[in-house]
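What TrEMBL says about this protein:
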type: BINDING; residues: G38, A39, G40, K41, G42, T43, R163, E208; note: ATP binding site
type: REGION; residues: 58-88; note: region 'NMPbind'
type: BINDING; residues: R64, T86, I87, V88, G125, F126, P127, R128, Q132, R169, R180; note: ribonucleoside 5'-phosphate binding site
type: REGION; residues: 162-172; note: region 'LID'
Amino acid sequence: MPALMDKIADALHLHKKSATPTFDHTKVTVIFVLGGPGAGKGTQCSLLVQDFGFCHLSAGDLLRAEQHREGSQFGTLIQNCIKEGTIVPMEVTVKLLENAMAAAIKEEKGKDGWRDGRGRFLIDGFPRQMDQAIKFDEDVCLASTVLFFSTTEEVMLGRLLERGKTSGREDDNVESIKKRFNTYNQTTMPVIKHYEALGKVVQIDSSETVEQVHSHSKAAVQKILDN
């Protein structure tokens with residue numbers, strides 16, 4: 001495994017650690033959006049993009065796209081991790097997010113919230129474990145807030161199985177979902193507790209209707225942007 005990590009690091013030029021994060025958190029707003037599989041993160045992110053002009057980055061979507069990208073040297077690795085419900089090596093995920101953020105800042109330049117090197121990002125489903133959180137904050141950008149969508153596993157399972165009827169996602173099945181729940185409880189909940197101790201977590205009950213959850217989420221984000 002160490003040899004694999006070195007190979008990934010060399011390929012992504014990660015051994016060259018910068019003294020400061022790539023993006024200035026006083027100009028670039030990063031909100032992590034966390035919650036269990038099926039908690040409604042993607043749905044709420046889509047609505048908040050319409051409300052505030054965020055760039056919505058889904059770590060899972062970036063990884064799924066990378067596994068199918070022609071010539072990707074990490075495709076098989078990512079595919080196996082997704083199938084087993086395990087964490088993709090953080091070096092891969094963090095670099096994909098950094099590249100996507102840089103591209104968005106360049107593309108959205110001049111729009112509201114994006115002038116003079118500014119930007120605003122909702123990063124969905126990341127960080128999923130502590131080393132990801134620490135590396136992103138140190139190397140990419142210090143996150144301002146975590147939106148934590150909480151509900152029961154029963155609710156999440158029902159949503160994911162329903163989504164699986166049309167999503168085409170290979171991990172929307174009972175076996176993979178249960179593995180994802182276990183991974184979430186063991187690795188992601190400590191991340192939420194970490195940011196909670198820093199006073200950066202806003203918890204929202206996502207068991208309610210989409211409209212109700214959106215109302216709470218919109219109010220929370222407005223407060224963040226006003227500060």
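The backbone N, Cα and C atoms fix where each Cβ goes, and this holds for glycine too.
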Report summary line: Among G38, A39, G40, K41, G42, T43, R163, E208, which the record lists as binding ATP, the farthest-apart pair of C-alpha atoms sits at a distance in angstrom of 18
Query raised in the report: G40 (ATP binding site) to R64 (ribonucleoside 5'-phosphate binding site): how many Å between their Cα atoms?
Result: 19
Query raised in the report: What residues in the same chain, six or more past the boundaries of the region 'NMPbind' (58-88), come closer than 8 Å to it by Cβ-Cβ distance?
Result: 4, 8, 11, 42, 45, 96-97, 100, 123-126, 128-129, 132, 169-171, 176, 179-180, 182-183, 187
Query - Lowest local Cβ density (other Cβ within 10 Å) among binding-site residues: G125, P127 - result: G125
Query raised in the report: Say you check the Cα of P127 (ribonucleoside 5'-phosphate binding site) against those of the binding-site residues K41, R163, E208; which is nearest?
Result: K41
Query raised in the report: Which one of the binding-site residues (T43, Q132) has its C-beta surrounded by the most other C-beta atoms within 10 angstroms?
Result: Q132
Requested in this report: Have a look at the binding-site residues (K41, R163, R180) and report the one with the fewest Cβ neighbours inside 10 Å.
Outcome: R163
